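Visitor: TrEMBL feature annotations, pasted as is:
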type    : residues        : note
DOMAIN  : 24-258          : domain 'Aspartate/glutamate/uridylate kinase'
SITE    : 29              : site 'Transition state stabilizer'
BINDING : 62, 63, 84, 176 : substrate binding site
SITE    : 239             : site 'Transition state stabilizer'
Ligand SMILES: Nc1ncnc2c1ncn2[C@@H]1O[C@H](COP(=O)(O)OP(=O)(O)O)[C@@H](O)[C@H]1O
Ligand SMILES: CC(=O)N[C@@H](CCC(=O)OP(=O)(O)O)C(=O)O
């Protein structure tokens, strides 16, 4: 095969995927851990999805950056089951980082590349209605409902929504929401074709006698077993919970990929190559 035919065959390989996914909604969660990787390449991949007729919704995290700013302010971070214990001061910092610098950095990168994208937090338009998750976590919200018609209006207008995971309760109190949980709830509410979680590991890993191994697929039972064995910990806990929640609520396919790997998203969506971990729901298991 010549270099030119090899290039053409990549495009041909993508064709059935473009045909299958045109008009479908995909929720891409861009984790703070992955943001140390090729930032603009990730946004270009999402732009590619959009130009191929897919309706991408971006939900982003930023846990690392929040911890960085809290450190500089000499405020200690404390996590319970992968969730940040959030007092009023921490909430201010989380909102500043998530709704401010990260959200606008992503929006600016879309703008630079000629794509209409709107950065929002879950407070805007009552996008993420939440309630307090557990008292000991403070201002940590769990999503009660998603204003999906507001999102659909944006998507119908050809806009890419970029959502920071801050939610609001019925009294107007703002809460810090884990970004995976926000993405899972949004993917479920939109009955998304795919939820893709971009993180800093190549998928769900399991310790084996031969070292760490990526699981290509995992069922809810497999996840439960790994949690009980203490093999799924920290930030991976809300991630797998979000995957299961999204599938139960109507998302069709859920994947965990390494967002630091160049073009992992494009490879997952447009090629035959299976990368990362696919989480399989009750029905497909
Ligand atoms: N079984 C597991 N497989 C892969 N990663 C795991 C596992 N258990 C815990 N983790 C941790 O979860 C982290 C990903 O979660 P997190 O740091 O919150 O990422 P993100 O910012 O993308 O949400 C990994 O870097 C890893 O340290
Ligand atoms: C309640 C809670 O834990 N909120 C997260 C929100 C950001 C997030 O989830 O970012 P990543 O996806 O990069 O981890 C936090 O404060 O870190």
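Glycine is no exception: its Cβ is also placed from the backbone N, Cα and C atoms.
Curation does not apply to TrEMBL; its annotations are automatic.
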Visitor: Residues other than 62, 63, 84, 176 within 8 Å, Cβ to Cβ centroid, of the substrate site?
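Guide: Other same-chain residues with Cβ inside the cutoff are 32, 61, 66, 67, 86, 94, 97, 98, 165, 178, 179.
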Visitor: Cβ under 6 Å from ligand 2: which of the recorded positions 29, 63, 239 qualify?
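Guide: So the answer is 63.
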Visitor: C-alpha of residue 239 (site 'Transition state stabilizer') to C-alpha of residue 29 (site 'Transition state stabilizer'): distance in Å?
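Guide: Roughly 10 Å, rounded to the nearest whole number.
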Visitor: Out of 29, 84, 239, which of these recorded positions shows the lowest number of other CB atoms within 10 Å of its CB?
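Guide: So among 29, 84, 239, the recorded positions given, the one with the fewest Cβ atoms within 10 Å is 84.
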Visitor: Between all pairs in 62, 63, 84, 176 (listed as substrate binders), what's the biggest Cα distance, rounded to the nearest Å?
Guide: 12
Visitor: Where the criterion is a Cβ under 6 Å from an atom of ligand 1, which of the binding-site residues 62, 84, 176 meet it?
Guide: none
Visitor: Who sits close to residue 176 (substrate binding site): which same-chain residues at least 6 apart have their Cβ under 8 Å from its Cβ?
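Guide: When sequence neighbours closer than 6 are ignored, residue 176 (substrate binding site) has 84, 86, 90, 91, 94, 95, 139, 140, 141, 165, 166 within Cβ distance under 8 Å.
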Visitor: With every protein chain in view, how many other Cβ atoms are within 10 Å of the Cβ of residue 63 (substrate binding site)?
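Guide: Summing over all protein chains shown, residue 63 (substrate binding site) has 23 other Cβ atoms within 10 Å.
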Visitor: Can you tell me whether DSSP puts residue 63 (substrate binding site) in helix, strand or coil?
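Guide: The three-state answer is helix.
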Visitor: What's the number of neighbouring CB atoms sitting within 10 A of the CB on residue 62 (substrate binding site)?
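Guide: A 10 Å sphere around the Cβ of residue 62 (substrate binding site) contains 27 other Cβ atoms.
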Visitor: Determine the mean pLDDT over the domain 'Aspartate/glutamate/uridylate kinase' (24-258), rounding to the nearest whole number.
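Guide: A mean pLDDT of 97 is what the predicted model shows over the domain 'Aspartate/glutamate/uridylate kinase' (24-258).
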Visitor: Roughly how many Å separate the Cα of residue 62 (substrate binding site) from that of residue 29 (site 'Transition state stabilizer'), to the nearest whole number?
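Guide: Just about 11 Å between their Cα atoms.
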